[in-house]
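Everything on this sheet refers to the single structure shown next.
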Amino acid sequence: MSQGLDFALLPLTFVFTVLPTIGIIGNAIMIMATFKAKRMNSPCHILIAVTCFMDLLHEIGQYPFVYHYFRMTTMPQSDCFWMQIIPIIGVCAGCPLLLSLGLDRFIAVRFPSK
């Protein structure tokens, strides 16, 4: 094992820091807008907000990689599991929510109510 930082992974740490931060801010804005604006209280908007929340949980899981990369530390696999359980829940719940959101929008466009 080499000593020091692996410079080939530095762009990856930049991506894993900047993009989740942008995503967390955007998802948080969407969640707040959904619950503050009265006209965004429809079932579709609430489904979008729940999907944003699950995506936010998933994006939080990118930060431990960056932390451990710059600290050059390792951890037991059990600690890694417990640290990543919330982002894993976000991924596992977010994918079906995104599918149901897509199906909802497809049905709304294909068979509009009169």
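Glycine is no exception: its Cβ is also placed from the backbone N, Cα and C atoms.
For 26-114, the entry in TrEMBL reads domain 'G-protein coupled receptors family 1 profile'. Among the features that TrEMBL reports, transmembrane segment is placed at 12-32, 44-61, 81-103.
Sequence-distant contacts of the transmembrane segment (12-32) (same chain, at least 6 residues past either end, Cβ-Cβ under 8 Å): 48-49, 52-53, 55-56, 59-60, 62-63, 65-66, 69-70. Counting only same-chain residues 6+ beyond the ends of the transmembrane segment (44-61), those with a CB under 8 A from a CB of the stretch are 20, 23-24, 27-28, 30-31, 34-35, 84, 86-91, 93-94, 97-98, 100-101, 104-105, 108. Taken through DSSP, the domain 'G-protein coupled receptors family 1 profile' (26-114) splits into 75 helix, 0 strand, 14 coil. Within the chain carrying the transmembrane segment (81-103), a Cβ under 8 angstroms from the stretch's Cβ atoms is held by residues 44, 47-48, 50-51, 54-62, 64, 75, all 6 or more beyond its ends. Computed over the domain 'G-protein coupled receptors family 1 profile' (26-114), the whole-number mean pLDDT of the model equals 92.
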